[in-house]
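Colleague: After the structure tokens below, expect a handful of questions from me.
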Amino acid sequence: MLYMIGLGLGDAKDITVKGLEVVRRCSRVYLETYTSVLTVGKEVLEEFYERKLILADREEVEQEADNILKDADISDVAFLVVGDPFGATTHSDLILRATKLGIPYRVIHNASIMNAVGCCGLQLYKFGETVSIVFWTDTWRPESFFDKVKKNRQNGMHTLCLLDIKVKEQSLENLIKGRKIYEPPRYMSVNQAAQQLLEIVQNQRIRGEEPAVTEETLCVGLARVGAEDQKIAAGTLQQMSTVDLGGPLHSLIITGGSLHPLEMEMLSLFTIPENSSEAQSIGGL
């Protein structure tokens with residue numbers, strides 16, 4: 001059987017009891033490494049799980065899935081995912097492949113950023129469509145996701161922005177030349193995402209458009225949600241462009257405009273100080 005097991009968001013101990021029991025009896029255990037990361041390394045997980053882990057990067061999962069599914073019809077294989085197993089379409093594809101091969105599967109869920117963002121006090125049922133913000137390059141600066149942000153705000157809905165992760169990525173030159181040389185990992189921060197959003201706002205004004213988001217739009221930055229050093233900051237988009245929330249992983253919420261009094265009271269716990277020097281490093285659980 002193929003087991004898809006969510007690991008939660010914090011550290012090794014965030015796996016469920018059910019998930020841990022399954023991991024310890026599986027013949028092979030894969031750890032997906034490209035859609036998210038935990039705050040602890042592979043060795044810490046192996047020690048707690050009492051099992052050796054096989055790292056599965058994007059290429060392994062998307063192009064060589066048969067290796068993962070090998071013998072899963074006669075033995076138990078675990079595929080571990082940070083957060084919840086269905087946080088990426090790749091994982092659904094793995095289940096479809098297993099089903100076509102006659103391999104049974106079972107999913108063991110866990111917390112993901114999609115529901116854990118409620119820790120900032122914004123009500124989950126008031127979130128609209130989630131968007132992804134990717135690292136811009138000199139030749140690729142996508143803005144199309146901003147239409148979804150606009151639609152959400154028109155409907156009074158908050159927008160969760162998932163920020164880019166670059167793990168085991170090749171440069172264009174190495175990709176063209178077929179060289180297996182990979183760039184250092186990069187994780188987009190809240191301030192980087194806010195800076196790109198501010199540029200989109202300016203671009204829209206230059207084109208004569210009325211931007212759905214401005215420098216004064218209320219936003220919430222979150223870092224390492226679920227970890228002991230989790231941080232949350234609430235402030236304007238302009239303030240988000242300079243706030244320092246520390247190491248990865250980060251997420252950004254663009255509020256829908258009209259807030260419930262309880263939402264406003266909760267966000268007041270995380271408000272960025274007016275003093276810019278104090279606003280550089282924000283805490284708060």
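Glycine residues also receive a Cβ, built from the backbone N, Cα and C atoms like all the rest.
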Colleague: Out of L9, L20, L31, which one does Swiss-Prot list together with D84, G87, S112, I113, L163, V225, H250 for S-adenosyl-L-methionine?
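Modeller: So, going by the record in Swiss-Prot, that would be L9.
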Colleague: What is the Cβ neighbour count of H250 (S-adenosyl-L-methionine binding site) at a 10 Å cut-off, with all protein chains included?
Modeller: 25
